[in-house]
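Feature list (source: TrEMBL):
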- Asp67: active site (ACT_SITE)
- Asp263: active site (ACT_SITE)
- 9-18: compositional bias 'Polar residues' (COMPBIAS)
- 405-421: compositional bias 'Pro residues' (COMPBIAS)
- 1-24: region 'Disordered' (REGION)
- 402-432: region 'Disordered' (REGION)
- 566-589: transmembrane segment (TRANSMEM)
Amino acid sequence: MVLPLFPSPKNTSTTFPDSSHRLLRSDSNSSHPYARMRLYDNLLSRGYYSTRLWIGTPPQRFALIVDTGSTVTYVPCAMCEKCGTHQDPKFQPELSSTYQPVKCNLDCNCDKDRDQCIYERQYAEMSVTSGILSEDVISFGNLSELSPQRIVFGCETEETGELYRQHADGIIGLGRGDLSIVDQLVEKGVISDSFSLCYGGMDVGGGAMVLGGISAPSDMIFSYSDPVRSPYYNIDLKEMHVAGKKLDLDPSVFDRKFGTVLDSGTTFAYFPEAVFEALKDTIMKELNSLKQVSGAVPSYNDTCFSGISSDVSQLSKTFPTIELVFENQQKLLLTPENYLFRHSKVQGAYCLGIFQNGMDPTTLLGGIIVRNTLVTYDRKDSKIGFWKTNCSELWERLHVTSAPSPSPSPSPSPFPSPSPSPSSSSGKENSTFEMLPISAPEESPIYALIGEIEIGEISLDLALNVNHSYLKPRLVMLLEFMAKELGVNGSQVHLLNFTSEGNISFIKWSIVPSGSATYISNTTAINIISRLAEHRVMLPDDLGNYQLVQWEVKPPSKQTWWQRQYLVVLLGIMMFIIAGLIASGIWLWSRRRQPQIPYQPVDGAAREHELQPL
């Protein structure tokens, strides 16, 4: 696995007309259930895709990077003093009644006291994770047919590099190996030996993941994957075509060292020098009319182009398609969103998401290559399947088809629940973010509003694991930060209440329409709620982690005649006053212009005047 060292592209959704009516279902040749799970994040904002797992009894939730290049699943443990601040609180073994450390045995590496099994993994960008091996009940969410299972995982005691800095809590290892979560579930006989991933497109992100077998679509193409060659998932790549033109390459160039590896934990595509140079040169010849611009980070020497439509569906009119040709002559078509990412600083500019793999002759295909592609890792039959589709729609189909009914019984959350707000209701407009049944936790809800409604206020209850006295002087800064992250004006954000319980602070705040608007659109409201609920807003490190406990949308308040017309009335009064003042000023000015006649008493002596001769 190669964790990204720099941000990568936002994803977009592309509609494929012949796939909209298809439904995925359990493999008809298998009686095993499967775990259906939602994917989050995208390549631009995070550089990875993640899913949710719940560990322990009662369950503790974690956001884990989906990685086919890792063979162990791990999360930071409460005793880890060398772990970074991540999306969720650390795992607390003492709170789980089903937790057990794995005792030292002949099949594992042991600690210096030969008491517990330990693990350590180092990745290509030199980040390291280490800790103790533990066993506990892992749940996959209420959308899963698979019941909770006891799984061995890593309880981190140290992490460095990108692992320390990343937002996600840890990694779910899907590679080949005894500690892989797939191998463990297959060994237990609870799933068939297969799993599938479907990454959302540019500007969309998200997607779906399935642990277990599914029925392959009839037009899915396959490549042989040799399980003996390496623990990585490889494909039998032989040729590459750009705009229908075959690259002049020796087929053996794709077969060196580990061969051509498909790695979901890698962001971009990395090729041996000969392949990279040929691929880049051919693409550049197709784009000779476009203006080149520097990348967002000059030290990376990205190849970028400007003056292009921001509409992703129009990219194919400018950029060529690429074909990967397998040994069996089946071809995987790559559209521009499978090798481009948006420039983060120049509007209408895109950069190539393909790079040279240093001096390593391995061909490494990361997540960008398989956006909007259902990829099935059929380990039983040693093949990998590819099916172009709209992954955001695929998740909707997986969510609707024969999904188990969520259990209403809640489980304890790392954050205690605040007292209900008097303004909250139990109607459809009010939603609790997380109600996790102990047996099978529910995934984050779909944030749908019934019909197109006018929204006058979005009320939000946040819980933060930060001390009340520390947070209080930083409240204004926090709300300004939230407004900026959510794309609203600071004047739209209002603090309603601020309380605490122990070391947890509760903030009730609202977002109202901007001064020129009368209501908030449904799209804006759903975007705000989902971004908070899915932790896509990253707080400054000193403010810890947060959880959206509750949200509510309210219609615009009904205004009286005075509230609607007060500005007009006020303006009329002001104009009347101004007109009166002007009239008074004119009258006084005209009075002062009249000649002054001296006053004399009636009985006063009259001044004598000299008679003038006629």
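Think of each number as a place in line: the chain as shown, counted from 1.
Using the three backbone atoms N, Cα and C, a Cβ is placed for every residue, glycine included.
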Spatial neighbours of the transmembrane segment (566-589) not adjacent in sequence (6+ beyond its ends, CB under 8 Å) are none
I'm trying to understand the geometry here, so how far is the Cα atom of Asp67 (active site) from the Cα atom of Asp263 (active site), in Å to the nearest whole number?
7
Just how many other Cβ atoms lie inside 10 Å of the Cβ on Asp263 (active site)?
25
With every protein chain in view, how many other Cβ atoms are within 10 Å of the Cβ of Asp67 (active site)?
26
